[in-house]
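This report refers to the structure that appears directly beneath it.
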Amino acid sequence: MLSTTTIGFPRIGNQRQLKFAMESYFKGDSGEAELLAVAHKVQSDAWALQKAAGIAVIGLDGTLYDQVLDTITWLGAIPPRFKHLSGLQRYYAMARGGAALDMSKFFDTNYHYLVPELGPDVLGPATAGPPLQPDFSGPLDKLARGQAVVGRDGAVPILIGPVTFVSLSRGCELPLDQAVARLLPTYCALLQQLAAAGAPEVQLHEPVLATSEGTGMPTEFETAYAQMAQAAGSVPLHLVTYYDDLGAAYPWAVQLPVAAVTLDFLGPPGAAVPSQTLALLQQHGFPADKRLGAGVVDGRSVWKDDGTAVALLRALLDTGAVSSDRLVVTSSAPLQHLPYDLGLELEAPKTPEATAPAARAGRPPGFAKQKVEEIVSVARLAASPQPPLLQLVMAPWCSCSGCSRARAWRTTPPTSRLSGSAAKPYDVRARDEQLQLAAFPTTTIGSFPQTAEVRRLRQQLKSGRLTQAEYEGLIAGHIAHAVGVQEALGIDVLVHGEAERTDMVEYFGMQLGGMLFTRAGWVQSYGSRCVRPPLVVDDITYRGPSTCWEYKVAIPTAAQPVKGLLTGPVTILNWSFPRKDISRAAQAMQLGLALRQEVAALEAAGCTIIQVDDPALREGLPLNGERWASYLSWAVDAFRLCTGVAAAGTQVVTHLCYSDFQDILPAIDRMDADVLTIENSRSDKPMMAALAAAGYGRDIGPGVYDVHSPVVPSVEFIKSRIRSFVDSGILSGRYDRIWVNPDCGLKTRGWPETIAALANMVEAAAQARAELQLAGGAAVAPVTGGVEAAGKGGAGQCRRNQPLRGLLPLSCLP
């Protein structure tokens with residue numbers, strides 16, 4: 001049997017114990033001791049599970065919020081505004097305080113990390129040493145606890161490598177090599193202490209190597225790893241990479257002074273370009289003095305392996321570059337991106353809402369626990385000359401032939417968009433046919449607080465204690481309340497509050513054909529927030545309106561316009577577990593077509609402003625920049641397929657979450673949305689400056705306060721944000737096209753803080769109008785768009801009818 005290891009596991013617990021412990025601590029209902037007890041138990045259980053499955057060497061994963069924040073803490077790279085605090089108070093202030101660290105997506109995943117700040121006040125000026133205040137108690141304590149659970153020989157610390165850490169940071173004024181050099185003494189000191197504590201090896205995770213930027217960092221890596229290898233002494237260093245192949249970095253990366261290198265042999269599920277790792281190894285070989293960690297069990301997909309893993313391992317052995325005693329089987333990425341245990345799903349009681357995935361298509365998929373077992377099975381089978389259990393263990397489930405019934409027009413890149421009159425450009429439709437609002441119009445992103453009462457109603461519906469009619473009647477009351485609050489506050493464009501939605505992707509997954517959803521398939525998004533990604537198992541089809549009822553409930557109680565709220569096709573795809581038998585592009589087009597029909601249904605119900613959130617657009621970018629153009633082409637086409645049916649008088653809004661957008665602004669412009677709202681509250685001026693410099697010319701809502709913090713922003717704070725938008729020069733002074741809104745949905749906030757924050761937001765917008773001597777007050781200006789204007793151009797007068805490559809044939813459009 002080949003050796004095995006793990007490089008990460010879900011950190012929240014099999015029943016989300018850590019999530020609930022954190023939330024209790026945040027509310028003040030429990031103390032530090034209770035939180036740590038739960039966290040340590042969750043970690044110990046995960047390590048014990050991996051040991052029981054037969055894993056030889058276990059990566060000691062686990063965090064109280066975020067692994068990058070953990071690194072900031074043990075490095076002592078603390079921004080000055082937090083240094084007056086200590087312990088967990090400081091840790092969580094950096095995560096969710098009033099001036100918290102920025103948040104961004106971790107490479108191309110749906111996990112959010114806290115962005116390190118490495119300016120001169122953290123790393124020190126160029127001529128001085130770093131004022132770091134390292135604290136190694138966390139990593140050393142975790143190692144000691146891991147050794148107690150799995151033994152000294154099997155407990156391996158996991159650290160984010162120094163080059164990746166600096167690459168993830170912001171505010172650093174030093175060149176990359178100098179910034180890394182500032183951190184190396186602290187890394188070396190920790191490695192020495194881990195060695196003294198008996199660590200058998202140390203995993204250093206460097207996913208930046210899989211990016212285009214990483215290929216240009218050989219000097220930084222060689223210098224850093226030479227110093228760390230010397231400091232570690234006899235303790236081996238294990239370089240771990242994942243999320244894609246290393247491309248041009250492979251030849252020099254595998255020669256770094258480490259004892260082992262783990263490589264991703266699979267890449268992103270459904271990617272247009274398959275992983276090139278095996279080809280790179282066949283071309284360049286592999287050092288004879290190193291162990292190879294073969295990431296052949298898919299750590300980002302729930303589908304069972306179809307024999308690919310064993311075939312890859314045998315191909316590796318056949319090259320002669322790696323002997324069986326130097327080959328270690330592992331996952332292609334940390335298993336934190338998967339739900340915890342399929343067994344929990346199969347044991348859950350069946351309800352009208354959720355059915356165990358096995359009920360749909362025979363053999364079930366595998367979650368993190370099953371992937372650990374698969375690692376062991378693959379290691380055993382690959383070493384066997386005649387693996388009799390291969391077909392049994394590796395039988396495909398829905399990842400290949402089981403899903404190949406897609407009609408040609410659903411999987412073949414479509415060729416055209418729609419017929420009708422000539423396109424109306426943004427300036428014409430915005431001026432002549434859409435809502436005309438006061439300067440600095442106010443709105444929210446969509447969701448309002450999800451109270452215990454709302455969650456209880458959903459649970460009662462699932463359990464049969466409420467009928468659908470009873471449930472809808474009670475939800476209608478919550479919608480009326482949300483609308484009433486907004487009108488009382490003077491908000492210009494309203495939302496219904498999304499009381500009926502558990503999650504922006506899961507909700508639509510339940511409404512569309514071809515998708516399955518779970519009851520226990522929770523995955524950490526950030527901190528205490530968890531999501532349940534749907535599983536795409538078949539052609540995605542439209543089964544009827546899913547948002548029109550809520551819109552119609554909101555309208556009678558609203559004097560102001562109400563937005564229709566949808567999740568966009570790329571976000572649904574990127575935040576689901578996609579199929580592997582057809583491309584992601586084909587699945588995105590299926591989603592675009594289905595959502596297109598929902599846009600048409602909302603318009604038919606009288607909706608004249610429709611928000612299609614596609615916050616995951618950027619995170620789906622391939623790590624290799626050479627593959628960006630292809631991805632952005634089909635991703636934007638899918639969005640436009642969804643929204644292109646809207647009339648010129650219907651204002652289309654989109655929302656993009658924590659990401660850096662400067663390098664994809666042309667693609668954002670090609671989306672052709674009338675209003676762009678972005679999660680900019682923690683990024684502040686750089687994003688606005690980039691948009692202004694690029695000549696962005698459509699309506700924009702940059703986000704005036706951070707909804708991820710419970711702190712209520714003051715009127716003056718929000719006003720300062722509005723002034724910064726004006727000062728950026730964006731839109732050349734067209735203040736009527738700068739929207740004032742929170743930076744994201746309000747689902748996780750409480751009602752008191754929500755009302756207080758929104759009241760301050762409305763007042764700040766009114767004061768900004770007055771100070772800039774603009775007309776409009778706090779009320780909505782006369783509407784020249786609206787229901788009457790939606791059909792102004794006559795039947796078939798759609799917003800953007802220019803031909804698009806890669807869209808559906810005319811015969812397929814509704």
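Each Cβ is built from the backbone N, Cα and C atoms, and glycine gets one as well.
Just one of Lys19, Lys27, Lys41, Lys424 is listed by Swiss-Prot for the same 5-methyltetrahydropteroyltri-L-glutamate site as Asn110, Asp503, Tyr526, Arg529, Cys530, Trp575, and that one is Lys19. Swiss-Prot lists Ile445, Gly446, Ser447, Asp613 as binding L-methionine, and of Glu472, Glu487, Glu498 the one it places in that same site is Glu498. Among the candidates Cys188, Cys548, Cys744, the residue that Swiss-Prot names alongside His655, Cys657, Glu679 for the Zn(2+) site is Cys744.
Listed in sequence order, the residues Thr444, Val495, Met504, Leu565, Gln611, His655, Cys744, Gly745, Lys747 complete the 8 Å Cβ shell around the L-homocysteine site centroid, once Ile445, Gly446, Ser447, Glu498, Asp613 themselves are left out. In this structure the C-alpha atoms belonging to Asp613 (L-homocysteine binding site) and His655 (Zn(2+) binding site) are separated by 5 Å. The Cβ of Ile445 (L-homocysteine binding site) lies under 8 Å from the Cβ of Val495, Gln611, Asp613, His655, Thr677, Asn741, Pro742, Asp743, Cys744, Gly745, Leu746, each of these being in the same chain and 6 or more residues away along the sequence. The separation of Cys657 (Zn(2+) binding site) from Gly446 (L-homocysteine binding site), Cα to Cα, is 13 Å. By neighbour count, meaning other C-beta atoms within 10 Å, the densest spot among the binding-site residues Lys19, Arg529, His655 is His655. According to DSSP, Asp613 (L-homocysteine binding site) sits within a strand segment. Using a 10 Å Cβ-Cβ cutoff, Cys744 (Zn(2+) binding site) registers 25 neighbours. Cα distances from Asp503 (5-methyltetrahydropteroyltri-L-glutamate binding site) to the recorded positions Ser447, Cys657, Glu679, His708 are smallest for Ser447. Each of the binding-site residues Tyr526, Trp575 was scored by how many other Cβ atoms lie within 10 Å of its Cβ, and the smallest score goes to Tyr526.
Around the Cβ of Asn110 (5-methyltetrahydropteroyltri-L-glutamate binding site), the same chain contributes His337, Val523, Ser525, Val531, Pro533, Asn574, Trp575, Ala616, Glu619, each under 8 angstroms and 6 or more positions distant in sequence.
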